[in-house]
Amino acid sequence: MLRRALLCLALTALFRAGAGAPDEEDHVLVLHKGNFDEALAAHKYLLVEFYAPWCGHCKALAPEYAKAAGKLKAEGSEIRLAKVDATEESDLAQQYGVRGYPTIKFFKNGDTASPKEYTAGREADDIVNWLKKRTGPAASTLSDGAAAEALVESSEVAVIGFFKDMESDSAKQFFLAAEVIDDIPFGITSNSDVFSKYQLDKDGVVLFKKFDEGRNNFEGEVTKEKLLDFIKHNQLPLVIEFTEQTAPKIFGGEIKTHILLFLPKSVSDYEGKLSNFKKAAESFKGKILFIFIDSDHTDNQRILEFFGLKKEECPAVRLITLEEEMTKYKPESDELTAEKITEFCHRFLEGKIKPHLMSQELPDDWDKQPVKVLVGKNFEEVAFDEKKNVFVEFYAPWCGHCKQLAPIWDKLGETYKDHENIVIAKMDSTANEVEAVKVHSFPTLKFFPASADRTVIDYNGERTLDGFKKFLESGGQDGAGDDDDLEDLEEAEEPDLEEDDDQKAVKDEL
């Protein structure tokens with residue numbers, strides 16, 4: 001009887017343990033509230049993706065995430081990858097501050113208080129390299145040629161430091177640089193056979209890559225800053241295709257001037273046009289990032305709209321700077337020769353190219369409705385009319401918040417249609433740009449009071465008819481504020497980064 005009771009207890013314990021154990025899909029642990037803590041306790045290093053099943057970015061990440069999980073598991077690594085459906089596990093999502101999809105957190109030793117946000121690229125190599133940097137030495141010691149070859153083959157880009165004295169000042173500087181870069185594997189060696197294998201007879205640093213010239217040898221004094229600059233200049237291809245996976249590398253880098261070739265892969269002489277673009281890129285390494293975009297791909301249509309381009313206008317070239325403000329530039333010539341592209345880049349760097357501001361044609365009936373229609377060509381005249389108080393909505397046709405606001409804005413226009421000095425207006429900011437106003441989120445609401453000093457007041461009050469009326473009747477005071485606050489509110493209201501109405505989302509998609 002006692003034996004039977006003990007057997008029942010043992011079976012019950014086994015059943016309970018099995019019920020909570022995570023399932024696996026393609027080597028990725030499937031977590032939920034019932035097994036999350038157990039997984040943290042069982043695995044020293046755990047990378048967790050919080051996703052939504054309908055999220056396009058999550059779907060694009062899935063195969064690379066699974067590939068990374070499989071690679072680590074095959075190596076016998078202590079690192080495991082996991083995922084949580086945040087739409088089903090809202091408590092977990094809230095606990096870990098999930099505001100967009102995918103959100104990826106790295107847990108070390110079961111620490112739930114301060115998991116580290118994953119910020120590197122979305123290819124398997126990027127994920128693996130980032131995790132290894134977080135769990136091991138900044139640079140692995142390469143004791144023989146096989147170890148060095150394995151490191152070089154493990155990733156699209158790898159960096160090896162060759163130092164006969166691994167305690168030298170140069171070697172220490174190398175380690176400092178290695179600690180800064182998360183998504184590239186670093187190795188260090190003093191082995192003479194490894195020196196010979198890669199044709200080095202003295203100390204040096206080599207960046208190996210599976211594209212372009214294959215390797216770059218560092219020249220000069222080895223310092224952390226110079227090494228970081230060397231890697232920045234050489235880690236990306238001369239020309240990189242924009243994809244879901246390459247986007248973090250493109251926008252996470254230090255090069256903030258990008259020239260874009262919108263090139264349909266179906267176009268005649270596709271290879272020739274791409275070759276011209278690549279030839280031009282050789283003169284601007286580390287200064288301008290050369291990117292090509294398949295303009296036929298449906299996922300890239302928003303980017304074309306952002307630049308005011310239509311598919312039938314491609315191939316085409318545009319340049320953009322991604323500093324505090326995004327500024328676009330358009331070549332004077334439509335020729336896509338290497339010479340013309342090179343000349344355009346030189347003129348831009350010399351400050352001889354003016355920003356390109358888009359504008360639609362002015363509709364004949366732009367002022368016939370209570371809400372006036374503004375485009376780039378009539379904005380200055382209407383918004384800065386010294387005798388009128390002009391309240392403008394800057395919107396995007398695809399923006400959900402703008403669609404919700406539209407009937408209220410129309411009622412506001414109706415309210416003031418006969419007012420002697422108040423004008424209600426709107427402008428499609430995806431097709432029109434003006435130098436006086438930089439739009440960072442949609443909708444952006446700005447008030448231009450009647451005056452000669454070109455004052456602009458941001459509206460950050462309630463988006464209601466009463467709220468707008470109080471603002472106008474108070475002369476632009478009741479509801480005035482910094483539009484940065486509104487941007488944060490929009491992100492809080494709509495946590496899906498894929499549908500984020502912030503113009504920065506377009507930057508992420510470029």
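Including glycine, each Cβ sits where the backbone N, Cα and C put it.
Since the structure is predicted, the reported quantities are computational estimates derived from the model, not experimental observations.
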Disulphide bridge to C402 as given by Swiss-Prot, partner from C345, C399: C399
Disulfide-bonded cysteine for C55 as listed in Swiss-Prot, from C8, C58: C58
Per Swiss-Prot record, range annotated motif 'Prevents secretion from ER' [choices 143-146, 251-254, 507-510]: 507-510
Number of Cβ atoms other than its own within 10 Å, given for K202 (N6-acetyllysine): 8
Length of the line joining the Cα atoms of C55 (active site, nucleophile) and C399 (active site, nucleophile), in Å: 17
Sequence-distant neighbours of C58 (active site, nucleophile) in its chain (C-beta under 8 A, six or more apart): E49, Y51, A52, Y101, P102
CB contacts for C55 (active site, nucleophile) [other CB atoms within 10 A, all chains]: 19
The domain 'Thioredoxin 1' (27-136): DSSP-derived helix, strand, coil residue counts: 44 helix, 26 strand, 40 coil
Integer Cα-Cα distance in angstrom, G56 (site 'Contributes to redox potential value') to K202 (N6-acetyllysine): 49
CB contacts for C402 (active site, nucleophile) [other CB atoms within 10 A, all chains]: 21
